[in-house]
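J.: I have a structure I would like to understand better, so I am pasting it below and will then ask my questions one at a time.
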Amino acid sequence: MAAISGISSGTLTISRPLVTLRRSRAAVSYSSSHRLLHHLPLSSRRLLLRNNHRVQATILQDDEEKVVVEESFKAETSTGTEPLEEPNMSSSSTSAFETWIIKLEQGVNVFLTDSVIKILDTLYRDRTYARFFVLETIARVPYFAFMSVLHMYETFGWWRRADYLKVHFAESWNEMHHLLIMEELGGNSWWFDRFLAQHIATFYYFMTVFLYILSPRMAYHFSECVESHAYETYDKFLKASGEELKNMPAPDIAVKYYTGGDLYLFDEFQTSRTPNTRRPVIENLYDVFVNIRDDEAEHCKTMRACQTLGSLRSPHSILEDDDTEEESGCVVPEEAHCEGIVDCLKKSITS
């Protein structure tokens, strides 16, 4: 998605000088032709003027069509992750306050994540698979916490965004299979590890529900921090034990999930990719951890996109034809989405 956004913004940045250049050329040709009129007969002057106006009109029409096409391309490919435009003077104080709030939220999230990481580093310094088991137990929690809150919002008519529910379920489904892989590798063999993971997950669930009700942006950023740590953890493990992993067989659950499982759901959580473009090949345990690591990177991208309200789209729904959506008869009201409980209550009262 970031790549698409870069292409879109780059296209628009280059296109405007092109339009200006075309118009300047048209102006030069128009003024030079008028200077030639004084040296031509009357009939030639009329012919030249007629042709000149025709050419100028064609150039301006091409420029207008070019601008229309480029603006529509920008609207269709916008992901919500592009930098915001510079605020005007009247809203500068509001923007500064919001920026301060965002920095505060992210600072708290980073502090909490680092604190949990230090605990895991202390308890699981030499027990890799047990650490992965605890990490995957925790990592899948926020997605069904998000769905719980969204289902509650749907009950009150505050939310009608099916894409979020589809993507979050696909994310929880992916993390569940990561957990099954770690269990097959023996990561849950100790009672203490299961006890710790389950109780952390219980606390994490209610904390995420509270954060998501208070500020979805903060909850999504916290989940992004967790997924980012998971990516770094697996990446370090691959670099340290890659050769050893290449000589070990892949768990059956991993082969089934990545090559013969529900590939629709596998595509659904990767919102930065087109469906059917990632099909892993699993030959050994190294391939399994490479794909788990890459899954965590996709989760990071999705969580980052979610931090902009209304920007998340299901990969498969993007491919749907607009005519098909209109014929389905399911019309989503523009106000049927909100950002936190305060925004939901305000919209329910004013609507």
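Any Cβ shown, glycine's included, is placed from N, Cα and C.
Per Swiss-Prot, region 'Disordered' is recorded for 71-91. The transmembrane segment annotation in Swiss-Prot covers 132-152, 195-215, and the record cites sequence analysis as its basis. Look at Swiss-Prot and you will find E136, E175, H178, E296 tagged as Fe cation 1 binding site. According to Swiss-Prot, the Fe cation 2 binding site annotation covers E175, E227, E296, H299.
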J.: Rounded to the nearest Å, what's the C-alpha distance separating E136 (Fe cation 1 binding site) and H299 (Fe cation 2 binding site)? Just drop the number here, would you?
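T.: Their Cα atoms are separated by 13 Å.
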J.: Which residues, same chain and not among E175, E227, E296, H299, have a CB within 8 angstroms of the centroid of the CB atoms at the recorded Fe cation 2 site?
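T.: Once E175, E227, E296, H299 are set aside, the remaining close residues are A139, E171, N174, H178, V226, A230, Y231, D295, A297, E298, C300.
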J.: Output the one of E136, E175, E227, E296 that, of all these binding-site residues, has the highest number of other Cβ atoms within 10 Å of its Cβ.
T.: E175
J.: Taking the centroid of the Cβ atoms of E136, E175, H178, E296 (Fe cation 1 site), which other same-chain residues have Cβ within 8 Å of it?
T.: L135, A139, R140, N174, H177, L179, A230, I292, D295, H299
J.: How many Å separate the Cα atoms of H178 (Fe cation 1 binding site) and E227 (Fe cation 2 binding site)?
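T.: Rounded to the nearest whole number, the Cα-Cα distance is 13 Å.
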J.: Tell me the Cα distance separating H299 (Fe cation 2 binding site) from E175 (Fe cation 1 binding site), rounded to the nearest angstrom.
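T.: One finds 10 Å between the Cα atoms of these residues.
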J.: With an 8 Å cut-off on Cβ-Cβ distance and a minimum sequence separation of at least 6, pull the same-chain contacts of H299 (Fe cation 2 binding site), or say none.
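T.: Long-range Cβ contacts: A139, E171, N174, E175, S223, E227, A230, F269.
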J.: Around H178 (Fe cation 1 binding site), how many other C-beta atoms are within 10 angstroms of its C-beta?
T.: 26
J.: State the three-class DSSP label for E175 (Fe cation 1 binding site), counting H, G and I as helix, E and B as strand, and everything else as coil.
T.: helix
